[in-house]
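Feature annotations, courtesy of TrEMBL:
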- 1-48: domain 'PHD-type' (DOMAIN)
- 63-110: domain 'RING-type' (DOMAIN)
């Protein structure tokens, strides 16, 4: 493995003439990209696909998901939306969003699904074919039931935690 220098690397960069191999878990540390669609191609840091982004309209240097500061230029760790050209996000933030959003995955700023989803696949972001995690019944509970218990650490209702008003 060209990243960890241990034996057993089974993924080879698919660029013609490149013989770099790596372990799948080493790919992020080596800034390698694996495309999780079609032929499942993998690329080393030197031959991975690059985003072609235009100059930004705003000078906002924050990830539109976590709101932390990020580097200004597009790189392995910082990506952008090809549709609106202005949304920027960390690779790990957009990967986490992709897995939670499932079939509803789209740009968090402009909300466009195409060409955003296609570009993220090309750049090695894994997508989930499941419904969004926030829509699962286990995550939010049945929609026809009201929450009917005080969850405050110290409940100040004179009638106790289980008291429920009919309105409000």
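Including glycine, each Cβ sits where the backbone N, Cα and C put it.
Note that the structure is predicted; figures quoted are calculated from it, not measured.
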Practice task
Kindly report the helix/strand/coil residue split of the domain 'PHD-type' (1-48) according to DSSP, in that order.
Solution key: 3 helix, 8 strand, 37 coil
Exercise for the section: Tally the residues of the domain 'RING-type' (63-110) by DSSP class, grouping H, G and I as helix, E and B as strand, and everything else as coil. Expected result: 14 helix, 7 strand, 27 coil
